[in-house]
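Here is the structure we will look at.
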Amino acid sequence: MTASSDPQVRSTATRRLAYVDTLRGFAALWVFLLHIHGYWLDNVRPPTLTVDGLLVRVMGFGGAGVDIFIVLSGFCLTLPLTRGGTMRSLDPRRFFRRRAYRLLPAYYAAVILVMALELVPALQERLVAEPLTGFDVITHLTLTFPLFGETLGSVNGSLWSISLEATLYLGFPLLLLIHRRWGMRGALLTTFAVALIWAAFTLWWVAQPHPLGFLPDPGKLFPARWFQFALGMWAATLVTSPSRARATKAWIALPVAVAVGATGYAAGWGVVSALGFGVVAVCLLVALAQVRSAVFETGPLRWLTALGVISYSFYLLDQPVLLLTSGLADPAQWGIVGTAAIALAVAGTATVLLAAVFYHFIEKPFLVRGSMRSVVREDAPRPVRR
């Protein structure tokens, strides 16, 4: 299965794409390494020009995994709408219902599981800083917990991106409307302008006193990330009309985008890092779409592809597992590389096993109900505007 074959383009609404699962697996692993750095290595920062220094900096950039996930989300939702060089519309009501089926059952199950663990006194102190409150429960059930400092990390600090994903779903029909009116360039410029305005607001906001802790991290909210979703939409339009020359350009642009993203992360420039790693995801999608599926489904990449299949369940569970197993290896005794290896072997294996069970019994039953097949309208498709 290659991106250049017509059968693949026709089947994008119903079949998994191996290279997309591989990228999901890569993003999930990178985020997991970031969490190892935080929970097993206490965010240690050794000198850069050492093996340890280079390792922890690669791990420290693991937040870029979320950037990749957001682009992949925009890509996967747009791809079924782009067939034969045309952009179809979607039924918003069906779309929202099916996205709720896809996102919420596994999310609620993970939240309830972690909340139950946090009610055990012996586990609570390992998982959270403060006892669970009714406000924690309400904000997590309504996905509003990223809006308040006291709830942002009160159950599972990784879940903020699930709330973000839900708001990106809400904004998708508007993004399609912008594309229909002003084309892909208009969608990209509009969403990037929103990100710039939001970045300016963030600079002002963080300098203000906030006794109630409202909007503790604006960079984790919809306005800051909408353009990454639009980048995924752009990638989908590129993949539906593939060319070897375009894939070559993507490989050439990739290291430049990595450098921009890494510079943004190192300097704390949220818009720059989000743009850089968002373009990294676009380059990888365009380039890998030209590679045969067998490359991702067999050989050394197949385990990463398999991880991508269960990546949502893996992401929901990895932080609690890492917190509960932290302390099994002391960095002072084992060193940074040794401790990271033990964390991957112990916590990584445990998370994969739990995620596989979680996927098969909780996430997978809702995949068909959450698919994009029935939300695509077949009425008068319009040419894809770039």
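Keep in mind that glycine also has a Cβ here, set from the backbone N, Cα and C atoms.
Curation plays no part in TrEMBL annotations; they are all automatic predictions.
Feature annotations, reproduced from TrEMBL:
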type     : residues : note
DOMAIN   : 18-358   : domain 'Acyltransferase 3'
TRANSMEM : 21-41    : transmembrane segment
TRANSMEM : 61-82    : transmembrane segment
TRANSMEM : 103-123  : transmembrane segment
TRANSMEM : 159-179  : transmembrane segment
TRANSMEM : 186-206  : transmembrane segment
TRANSMEM : 226-243  : transmembrane segment
TRANSMEM : 250-268  : transmembrane segment
TRANSMEM : 274-291  : transmembrane segment
TRANSMEM : 303-322  : transmembrane segment
TRANSMEM : 334-362  : transmembrane segment
Cβ pairs under 8 Å with the transmembrane segment (274-291): which stretch of 21-41, 61-82, 159-179, 334-362 has the most?
61-82
Which bits of the chain, at least 6 residues beyond where the transmembrane segment (61-82) starts or stops, bring a Cβ under 8 A of a Cβ in it?
12-13, 20, 23-24, 26-35, 37, 88-90, 161, 164-165, 168-169, 172, 176, 225, 228-233, 235-237, 239-240, 261-262, 265, 273-274, 277-278, 280-282, 284-285, 315, 372-373, 376, 384
Is the transmembrane segment (226-243) close to the transmembrane segment (303-322), in the sense of at least 3 CB pairs under 8 angstroms with a sequence gap of 6 or more?
no
Positions on the same chain near the transmembrane segment (334-362), where near means CB under 8 A and six or more residues out:
32-33, 36-37, 40-41, 44, 46, 51-52, 55-56, 59, 105-106, 109-110, 307, 309-310, 312-314, 316-318, 321-322, 325-326, 328
Can you tell me which of 21-41, 103-123, 250-268 gets the most C-beta pairs within less than 8 Å of the transmembrane segment (159-179)?
103-123
Could you pull out which residues elsewhere in the chain have a CB under 8 Å from any CB of the transmembrane segment (21-41), counting only those six or more residues past its ends?
56, 58-66, 68-69, 72, 158, 281, 284-285, 288, 296, 301, 303-309, 311, 314-315, 318-319, 322-323, 326, 329, 331, 336, 339-340, 343-344, 347-348, 351
Grab the same-chain neighbours of the transmembrane segment (103-123) for me: Cβ-Cβ under 8 Å, and only residues 6 or more beyond its ends, written as numbers and ranges.
131-132, 136-137, 140-141, 155-156, 159, 162, 165-166, 169, 312-313, 316-317, 320, 324, 358, 362-363, 365-366, 370
